[in-house]
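Here's the structure we're looking at; comments come further down.
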Amino acid sequence: MRSHGRWGPCFLLFLLLLPPPLFRAGSLRYHGPGWRMFQRLALGSRRANHHHGPGWRQQLRQGQAGHRCQGSFDLYFILDKSGSVNNNWIDLYMWVEETVARFQSSDIRMCFITYSTDGQTVLPLTSDKNRIKNGLDQLRKIVPDGHTFMQAGFRKAIQQIETFNSGNKVPSMIIAMTDGELVAHAFQDTLREAQKARKLGANVYTVDVADYKLDQITAIADSPEHVFAVENGFKAMRDTVDALTSKVCLDVTSVEPPTVCVGEPYHVVVHGNGFQNLKKQDEVICRFIFNETTIVDEKPTSIDNNSMNCPGPKLEKPGEEYFIEVSLNNGKTFFKSNVSVTSSTCGIFSNWLYFLLPLLLLPLLLCCLWRLCRKKTVKEPPPVQKPEKEPEQEKPPPPPPPSPPPPLPPPPPPPPPVNTCPTVIVCCCACQGVCGIRGIEGNLDTFCDLSHPSCCQVPWMWCQRRDQGRYLSLALAQSQYAQAPCCPRIGFPHSQESPSLPETQPGVLFPSTDSVQPKELPSTWPAVPPHCSGTLQNPLCPSLPRSPTSKAPNTQD
């Protein structure tokens, strides 16, 4: 948004620098084609709302898409009211009413003429809308009767042309209608009267219904293109309205280009209707009217049914304007129009004042551009993004209560006792204390502490294991001999040494047989194996040092 606002004043300043002639309506060389035609058609549609009568609204509903003629000419209706028409007169009247509604220009004059045995002028030539409405009302009330003498109708039309259009001021268009075959003398008289009308500048069209002869009506008309034959009766006459209106109408609808350049040669293309009514192409004239005294006529270079190409007059000054008229009969009559052409300078400035304002504003424009170039572009901070709300963390469900621990496995059963050589301490004297110990671990200090001093005279024996063939020995027993209070002479073989008394090496110690008589052991004691015998040769206790943790023997026990 900031960049658009910055360039806005400069853009407005640039528009002010544009030369003023570019904004003028006539500065552009070409306008859209047919713009005046659309304007005139719009005016014609508004004028159509002012018509009255029982058939006008119905006609407008049915013929809104049809051609609306805006030319300037005289239109004559010559209608058959002979007895052969009979009850079809109302259909004939509706056809006339719808055709009249297509000619909306106030410059078009109309005349209603009927014929049978004699001719009758129902509506003299007029452009008054009220008189045309009254003429339609009188036409509707007519009762058909008499013979079919078309020449009587042409005589009445020639009288109107000579009275109201002396000097061939405007073109005359005649629409002659019949419903049957003409007798021979009536046909010949009609041909003569039609030729008189052409000499007066009239164009003759014929519309034939029911029992007509095609060669008769073609001879009466200007050409086969001017003939409208209806095969399906009077009600089908309304199908010819559009085609008839486009051919009968003489008007100029638009011109290209509407604006030309001063001093340059050019051609104008004139668009309109009724160009097929020309008798000879060399009789067509394009007239350019500047004013009452300045008129230029040119011959067209090409013509078709709806347009013609004419060389335009040279224009010397900007702003000059001329109107266009066309003649199809070598200048006898011209049909007028409101189409005009205007000259312009086409962008060439003849006045130096046009440059004054741009020269004054040019420094301001340069200053504005210089400031824009020097201005530092300020980068806008990026928009602050709003922190998105973190979704609330769902509280985890409480853990399930711990399952009770599985029951402990039952303790393994104690190993079965091994029947090996146990260690047996035999008390030979009356020791007050333990008389026997099994499974002594460690050193012999414990054994000496448990023995009574009075039992020290008993020699101990060490039994060698049966499966290992080793003797229990202590390292300190080989180095020193200390006399313990309760130790007999105990010894170990020097070759069999062990740092400690293993748990799996039990033995049997019991007194020597030299000093003490063996006593019978209780029955609960285990039996001594036969290989556990012998006397220790070396004393044990004298060589063992006292352990710091060993207790002195209790002599009172």
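Using the three backbone atoms N, Cα and C, a Cβ is placed for every residue, glycine included.
Residues S82, S84 are given by Swiss-Prot as divalent metal cation binders; from T121, T126, T148, that same site also lists T148. In sequence order, P144, T148, D179, G180, A210, D211 constitute the residues six or more apart from S84 (divalent metal cation binding site) in its chain with CB-CB distances below 8 Å.
Among residues of the same chain six or more beyond the compositional bias 'Pro residues' (396-411), none has a C-beta under 8 A of the stretch's C-beta atoms. Of the chain residues outside the divalent metal cation site list S82, S84, T148, D80, G83, V85, S116, P144, G146, H147, T178, D179, G180 have their Cβ within 8 Å of the site's Cβ mean position.
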